[in-house]
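Asks: Annotated region 'Disordered' per TrEMBL: 1-85, 510-530, in sequence order. For 24-36, the entry in TrEMBL reads compositional bias 'Basic residues'. Feature annotation from TrEMBL assigns compositional bias 'Low complexity' to 71-81. What TrEMBL lists as domain 'RCC1-like' is 105-506. According to TrEMBL, the feature repeat 'RCC1' maps to 168-219, 281-356, 357-410, 456-510. The feature compositional bias 'Basic and acidic residues' is assigned by TrEMBL to 510-523.
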């Protein structure tokens with residue numbers, strides 16, 4: 001049955017320069033853009049201070065990592081928070097279950113957390129300048145001896161990491177300039193450390209943005225007690241970036257998101273925005289709307305005083321209500337009955353997998369990362385055509401910094417976008433021939449490197465420069481344009497992989513004595529601290 005045509009005007013992208021094809025990040029006219037907090041979506045009319053891109057991890061569209069600060073917006077009449085609320089008697093009662101993986105944590109790649117993505121360590125972090133090193137092969141953390149891990153988390157924009165133990169406790173380490181580690185301060189942490197403020201909770205899953213963290217809590221095996229905690233500077237739950245704006249007590253570093261709807265089941269973080277999904281398959285987004293990455297048919301851009309570009313940020317979760325497809329002749333049709341089953345975020349784009357195994361993408365279109373054979377930004381979720389055919393649906397989705405992946409329902413891996421932005425981009429999903437026939441269990445993307453757990457092997461590839469995140473070992477090639485098995489992990493069964501900007505995390509299964517012995521032979525890493 002043909003889908004009803006929607007009026008094109010209802011879906012048109014704003015005529016602010018978005019939608020024009022381009023090969024790379026957009027240049028901004030005038031001063032670096034600024035974000036404006038939207039008071040009518042916030043319970044307070046005061047802002048949360050600067051939210052600049054000071055960490056040096058590049059942001060698409062901000063060449064050179066230019067600072068983009070947020071400022072308090074002027075109060076508007078009648079401004080009130082629009083908080084998603086569901087009556088208690090209509091809420092689903094869902095059991096929250098975490099990952100079934102069990103094993104030991106291995107790490108390789110860059111561990112000088114304040115230097116990652118930067119030319120030099122900032123002056124305020126100068127004391128940490130010589131801490132950390134590049135680990136060219138897999139290492140065990142000495143401090144985690146006897147600790148079994150079920151989930152590891154980082155992000156393509158992140159220089160910090162999380163792990164969830166088999167008991168459901170959350171540990172964090174890495175860069176902490178914005179309080180994203182949740183320890184009640186902004187001190188860098190060299191090795192995994194328990195988040196005391198959440199030690200009474202059972203953590204089911206978590207997600208990392210550039211400078212913020214989300215964690216999902218609940219009682220496993222029981223009727224779930226649901227909440228989300230965010231640490232760091234995601235606009236809805238962050239704090240100012242100046243010491244005078246910092247919370248006074250450690251507990252205030254772990255605020256709950258303003259959401260009281262159906263139970264949340266999945267989360268994902270982009271560089272400066274977040275997505276949450278409820279048990280009914282509804283998707284909500286909040287944070288910076290640049291490039292249309294929130295999916296609300298707007299990039300939130302406006303010209304403020306002195307011709308400064310600013311952004312209307314969503315401070316509380318807002319439902320993504322529109323899903324579309326575009327026909328070959330340019331018609332824009334609504335896609336009804338989309339029930340979201342999975343979500344993944346890159347630096348400035350988002351992928352969604354629905355109950356019919358279809359894939360939607362939106363946000364920044366540079367390098368073809370959206371898979372629509374063009375480089376236009378998409379302001380609302382748009383159907384990726386390749387996966388909208390019988391027997392061609394997707395079963396898994398993954399988003400990298402400037403690229404996207406999907407595993408088809410028959411097991412094939414598809415890639416689009418770019419890992420090496422100086423080379424030709426892949427504008428629409430293409431099969432990764434090097435992994436044809438492999439059964440992919442877990443995949444992770446860093447800034448430009450890829451790590452895959454498939455069958456009995458761990459596979460990685462990525463262009464130069466790399467910092468050890470491929471795991472090939474000392475005195476071995478540092479980069480590879482083709483997928484290669486990680487020989488340093490031969491005999492180690494990888495349950496799950498995760499990647500940060502330029503470091504890799506692996507959960508190595510340790511059920512048998514042989515597996516334990518193999519892991520024990522790997523070098524132990526005990527980072528130097530101040």
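Going from the start of the chain as shown, residues are counted 1 onward.
Keep in mind that glycine also has a Cβ here, set from the backbone N, Cα and C atoms.
In TrEMBL, annotation is done automatically, which means it is predicted and not curated.
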Asks: Reported in the order helix, strand, coil, what are the DSSP residue counts of the repeat 'RCC1' (456-510)?
Replies: 3 helix, 24 strand, 28 coil
Asks: Short question: which residues 6 or more past the ends of the region 'Disordered' (510-530) have a Cβ under 8 Å from it?
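Replies: For the region 'Disordered' (510-530), the sequence-distant neighbours (Cβ-Cβ under 8 Å, at least 6 residues beyond its ends) are 102-104, 106-107, 111, 127-128, 131-132, 135, 137-143, 148, 190-191, 488, 491-493.
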Asks: For the repeat 'RCC1' (357-410), DSSP counts of helix, strand and coil?
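Replies: Counting residues per DSSP class in the repeat 'RCC1' (357-410), I get 6 helix, 23 strand, 25 coil.
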Asks: By DSSP, what is the split of the repeat 'RCC1' (281-356) into helix, strand and coil residues?
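Replies: Tallying H, G and I as helix, E and B as strand, the rest coil: 6 helix, 37 strand, 33 coil.
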